[in-house]
Structure formats: C-alpha cells, structure tokens
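To keep things clear, I will list the structure first and then write my remarks on it.
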Amino acid sequence: MRFTLALILLAAIAPVAAFGWPAAQPFSILLLLLLAALTVIDLRQMRLPDPLTLALAVSGLLATWMLWPSLLWQHLVAAAVTAVGLWGLSTLWWRLRGAEALGLGDVKLGAAAALWLGPAVSMAITLAAALGLLVALTGWTLGRFNLRQPLPFGPFLCFGLWTVWCWFAG
C-alpha cells in the first residue's frame, strides 16, 4: 500500500513540476483529493464509486461555471460526447471480443473529466490510454500479469485529467 501511495504522490507531483501549480487553487485541491480517492479505490476494488464520480462531475461543472462561464456549453457537450464515445467503444469491444474493455464507472469518470477539461478531455484520454498500454505491456514483459488480466483504467484517466488540468489551468 505504501508503494501505491508513493506512486499516487509522484503522479500528482510530476505535472505540477512540469507545468506549475494550477491557478484555480481551491478547485485544484478539490480535484486532486477526488482523483486520489478514486485512484486508490479503483486500484483496490476495480470500481469507481458513483458518489465520488458524481462529486467530481458536479465540482467540474461548478469550476467551469465560475472560472470560464462562456465555455460551459463546450464542457457539457464534451461530457456528452465523451460518455457516448467511451460507452460505444466499450460496447463494441464487448460485441467483438466478449470481454469488458471499460466499465461504466470509467465511462462516468470520462464524462466527469470532460466537465473539467472540455474538448481537451481528448488529450487526457489519449494520455491515459498510452500510459495504460505502457503499464500493461511492461507488466506482461516482466511476467507480472497476462494480457487478459483486467487492469483498472480509472487511475490512468485520473492521471490524464490531472496532467491536462495542470497544463491548462497552470
């Protein structure tokens, strides 16, 4: 558990070191706390609790409304497109492979991320997918797990959201 917490701390510090602390401090602190909680829970239980995901979505909506009110519609549309896109991808994978690619919690987390980032959520998802693939291939190469073993996507999505938030709000 200490190793996991150290990795979470490192993942939180790296974007801040690269891009600076985001200017919207109260929202950034709330975002970081929610993302850390979601990451720990998903790593331990392979699930993302609805109350935390809802809190992330509502706080993202509030942050956008207070910081960039003219962008609120963009963020709402991005959340809808993200939810439909991730759900569609998951459904397609299920039909083609008979296995779950993304859980509904990941879909909700992606939509909540879009409420924070707007169209820039695509960068967070791309970063999350690339990092997830890197971890999966590294784990497979080192013999830690096989490629059929489920890997929680939430922590990668949380890292992507935090990194892009630090970049844009920093």
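Backbone N, Cα and C atoms are what each Cβ position is placed from, and that goes for glycine too.
As recorded in TrEMBL:
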type     : residues : note
DOMAIN   : 29-135   : domain 'Prepilin type IV endopeptidase peptidase'
TRANSMEM : 28-44    : transmembrane segment
TRANSMEM : 51-68    : transmembrane segment
TRANSMEM : 74-94    : transmembrane segment
TRANSMEM : 115-140  : transmembrane segment
TRANSMEM : 152-169  : transmembrane segment
*Look over the recorded stretches 28-44, 51-68, 115-140, 152-169 and say which has the most C-beta pairs under 8 A to the transmembrane segment (74-94).*
115-140
*Against which stretches of its own chain does the transmembrane segment (115-140) lie, if we need a Cβ under 8 Å and a gap of at least six residues from its ends?*
31, 56-57, 60-61, 63-64, 71, 74-76, 78-79, 82, 86, 146-147, 151, 153, 156-157, 159-161, 163-165, 168
*DSSP says what for the domain 'Prepilin type IV endopeptidase peptidase' (29-135): how many helix, strand, coil residues?*
96 helix, 0 strand, 11 coil
*Please work out the mean pLDDT for the residues of the domain 'Prepilin type IV endopeptidase peptidase' (29-135).*
96
